[in-house]
Amino acid sequence: MSAEIIDGKHIAQEMREQLKDRIKQLKEVTPGLAVILIGDNQASKTYVSMKQKACENLGIYSKLIKLPDTVTESALLDIIQQLNNDQTIHGILVQLPLPDHIGETAVIEAIDPSKDVDGFHPINIGRLQAGGEAFYPCTPNGIMKMLEFHHIDPKGKHAVVVGRSNIVGKPMGQLLLNESATVTYCHSKTSDLKTYTKQADIIIAAVGIRNLITADHIKDGAVVIDVGMNRDDNGKLCGDVDFEQCRQKASAITPVPGGVGPMTITMLLFNTVESAERFSR
Ligand code: GUN
């Protein structure tokens, strides 16, 4: 079997076109996203600039707040408070990781949950679990959209999530469970990973270990979603899955790059537009 390639770029583009229409319908309201970038981390700078460009292309107002890594936690919390009260801002994102002297929990909890377009606030995490209007974290929600686009219904399937981060692994399992999948969580300390992954109808690899998932780890016809963003010895971007091996055995697979990556920013735009719609109701 040769797998169908799940093309994240294409799905992201289609979703962005739909978002353009929704933005037009908002008429007098321009969706606004505030991004706070602290310090000089090169990866964070690149992500933030990609997020800003994506906003511009769609007609979302984006406000960048750059702060030195010497900023105090209380100064940062004050800025978040101002953004919570700013009517032109519908989404607030504080780019992670933060400098060591700033508490991530305090910062995330300071964001008004109705503007928490990352979906990291405990209120949104709770609503993801218990139901109710919430923002879902962008990467796992983007994966759900990719599955939907390819008519892959998680209902009754065994989904194995490899990774347990707050940003991807944990919410991923919950979203799949909400769609009636049977969910198993594995992670970097799981012994005998293969025992679990070989039973998976859907594998989500989100552990950050290059080529961890090989053909031996999957069963024939599995759907393989690769969230990994690693670099090989030549500095080339690669995932957690050995793509060339696994594509021979899987029924559908995401490449890296061009798979999950483009969906993450799209879902940030999606949440920002959704937030502006809620504010304009
Ligand atoms: N750092 C890496 N990924 C993310 C993300 O999705 N949101 C935020 N705020 N920071 C990140």
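The backbone N, Cα and C atoms fix where each Cβ goes, and this holds for glycine too.
Per TrEMBL, the feature NADP(+) binding site maps to GLY163, ARG164, SER165. Sequence-distant contacts of GLY163 (NADP(+) binding site), defined as residues of its own chain at least six apart whose C-beta falls under 8 angstroms from its C-beta, comprise GLY169, MET172, CYS186, HIS187, SER188, ILE204, ALA205, ALA206, VAL207, GLY208, VAL227. Under the three-state DSSP scheme, GLY163 (NADP(+) binding site) falls in the coil class.
Among the features that TrEMBL reports, domain 'Tetrahydrofolate dehydrogenase/cyclohydrolase catalytic' is placed at 6-118.
Annotation comment: TrEMBL describes 137-278 as domain 'Tetrahydrofolate dehydrogenase/cyclohydrolase NAD(P)-binding'. Broken down by DSSP into helix, strand and coil, the domain 'Tetrahydrofolate dehydrogenase/cyclohydrolase NAD(P)-binding' (137-278) contains 53 helix, 26 strand, 63 coil.
Taking the centroid of the Cβ atoms of GLY163, ARG164, SER165 as the NADP(+) site, the other same-chain residues with Cβ within 8 Å of it are VAL161, VAL162, ASN166, ILE167, VAL168, GLY169, LYS170, TYR185, HIS187, ALA206, VAL207.
Helix first, then strand, then coil: DSSP counts for the domain 'Tetrahydrofolate dehydrogenase/cyclohydrolase catalytic' (6-118) stand at 57 helix, 18 strand, 38 coil.
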